[in-house]
Amino acid sequence: MTRLLIVGPPGAGKGTQAKRIASEYGIPDVSTGDIFRQNIKDRTELGQQVQALVDAGNYVPDELTNRLVTARLQEEDARAGFLLDGYPRTLAQVAYLEELLQGWGQELDAVIQLVADEDEVVARLTRRAAEQGRADDGEEEIRHRQEVYVRETSPLIDVYRERGLLLEVDGLGEVDEVAERIRAALAGRGVRPSSDAGRA
């Protein structure tokens, strides 16, 4: 069983790497954004609660996010492991996830942190916004999102570093280079790709 988290600033290629890791290690990429969207689309009771909060411009509270993530991790494909992307985001969610996994006799194997120089990420995102004609995505807005990321994730990163779970990986470079760095970091922790990955 492989149970991983991935964190990284906007523009560090986290979504791309998450899909790749999930495929190579034969585990589902469990993204809170995807869970929210699927529940809204399916018009589940929880999905309707999320929709009402989002429509009102409010954050989805921990309790609701925790319930949605718990339900997703109980699905058949997540029983043999998972890669969590976008969760946990608060210290309360960190504690909840730990308690949840302990209740199932499980624990996290590693937390992958994609590390990227802020100036390089800002330059990358500014270029992308210009190419896509998104004038509202200026450097100031992009830097603000980077600051929010650092402020929100620093306490979580500290917790996982203290627990010896954190794997810091340089997130800049070609997609294949970054993927290889992640594989090497996980191998150092004894986590290897699934021989069944890619077989359906």
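All positions are counted from 1 along the displayed chain.
Glycine residues also receive a Cβ, built from the backbone N, Cα and C atoms like all the rest.
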Listed in Swiss-Prot for the ATP site shared with G11, A12, G13, K14, G15, T16, G173, one of R43, R128, R134, R143: R128
Mapped DSSP class for G15 (ATP binding site), helix or strand or coil: helix
Residue with minimal Cβ packing [other Cβ atoms within 10 Å] among the binding-site residues T16, T32, N58: N58
Rounded distance in angstrom between the Cα atoms of A12 (ATP binding site) and N58 (AMP binding site): 26
Alpha-carbon spacing, N58 (AMP binding site) to G11 (ATP binding site), which is rounded to whole Å: 24
R134 (AMP binding site): nearby binding-site residues from G13, G15, G173, Cα cut-off 10 Å: none
ATP binding residues G11, A12, G13, K14, G15, T16, R128, G173: largest Cα-Cα distance, in Å and rounded to whole number: 16
